[in-house]
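Here is the structure we will look at.
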Amino acid sequence: MLTPTLIFRHPLRLVLLLAVVLMMGTGEAWAQSEEPAAAPAESSLGLDQQVDQLFKPIADTWGGIVFFTVPVPGMESPLPFVLILLVLGAAFFTIVFGFINVRLLPLAIQVVSGKYDEIEKQGQDIPKHVEVYEVDGDLVDTIRDEGEGEVSHFQALATAVSGTVGLGNIAGVAVAVATGGPGATFWMIVCGLLGMSTKFVECTLGVKYRDVDDDGTVHGGPMYYLHKGFADLGLKPVGKVLAILFSIFCIGGSFGGGNAFQANQAAQQIQSLMGLSANGSSGTIIGLVMAALVATVIIGGIKRIAKVTEKVVPLMAIMYCLAAIVIILMNVDKVPWAIGEILSGAFTPAAGLGGLMGVMIQGFQRAAFSNEAGAGSAPIAHSAVKTKYPASEGIVALLEPFIDTVVICTMTAIVIVLFNSEASFVWGAVESKKVLIEGVPLGGVDLTSAAFDSVLPGFRYLLTIAIILFAFSTMVSWSYYGLQSWKYLFGRSKAADLSYKLLFCVVIVIGSAVSLGSVIDFSDAMIFAMVFPNMLGLFLLFPKVRQELSAYLEACGKR
């Protein structure tokens, strides 16, 4: 378990953790100092509602900090700075690396298919102890290119994709297109393509600065390239603080958006399909089953996680995309119209959609929040790959936003556009993330389900299976992200390992049984708080990526 000795071995990390908690508490105090609105008697609220109400001021304050807005010329409303940072950062890396997202996409497919595996055997090894850094009194070497690692290129990609391909691809895209109109689809694709370049940079750094234990266990991610990479630049104290902050944010995100939200949505789908009451014990039972299934996977570490995701991810992606393709083929006569609506709506949107910038924001926001390029989660999974060349995995990572956004999100968007060819609802007429269809408010999963069900009756059964698979794979991947951050903060002991995994499984049960909206909102903000330390690291360390890319392209004979 997490003992006081384990915690106090890392005083600076504890101080920063407490600082974040106190900052949230201060936000709550500010909120409570205002005139409170009339609220229902506490006795009339359930336990989950009481917790949700108590946590709301904290979530609102933290969300206001992370999603702070800045004015943009030509726009009526200010934009979240985190969105601007992600989109402009992706555009910057795309230009700096010569449109690597398009130029090396064929190479990415070749690498993940194993065409260049022989290079790993013939490449020149660099001695294991070339670079040594001191981490809290311990000497830790940076494993650079001896080919050490735990999973294959495909397994690393599958694990990372499973962490991003989730309910956002089904529910979030439907809301984004309903709000921004068909044109949002075009900008979503553009942002997905740009995000490929960011993934390349962060995943290359993830492998370059990873640690490998004597038993071959890999530890990697932004916390390591921030710590060690900034030490290379003579900024070790700054890097250490950023690494600790990133780890705290990642742990928070892993418990909410990567766990409780996924479990809650999966449980609701099962309850709806089977006609179970949401107020009974069914949620707890479903949560216990899901927790047991997740536990059997995560106990085995990244190797078992990779073995599961390499099977689940292709299955769920192919199953969902095939259903979408069937819808498209059955409406093939409307496809030219749909493409025309997407292209015209991207540049000359209809009235009521917020103008060109409003449509762009809907597309950019959904893509950026879906593929998580720049958030720093994917490098944690990709760092476990078996390779001698860090850039090889960065190139493989190009495929992640392509699969998540350009393929799966676009499939959902096209189905929604085709569904509304008969004007089932009004583009932009969205309230509480829902549109009115024949007087019934539908949003998220329900809207996507209605779109598919209109052509494929009974699709809700297939959708339930897809949601369960999406939720399961996302929880499995995020458990690994959170665990690596937990170990960075509290050490790599078995006690630290088991403490986190136990907490993670408990949260699955809680998330399935109760709806804690404010807690989930807080956790989502934690995920996007990861962007700030991570993107700062990418901007300062990308010259290192240039060197690694040159070395790998030379080895592949692509120079």
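Cβ from N, Cα, C; glycine included.
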Next on the checklist: I'm validating the feature mapping. Which of 52-72, 157-177, 241-261 is tagged transmembrane segment in TrEMBL?
Outcome noted: 241-261
Checklist entry - Between 182-201, 342-361, 422-441, which stretch does TrEMBL give the note transmembrane segment? => result 342-361
Checklist entry - Any chance the transmembrane segment (312-330) and the transmembrane segment (281-300) have 3 or more Cβ pairs under 8 A, given the pairs are 6 or more apart in sequence? => result no
Item to check | Feature contact check the transmembrane segment (281-300) with the transmembrane segment (461-481), CB under 8 Å, 3 or more pairs | outcome: yes
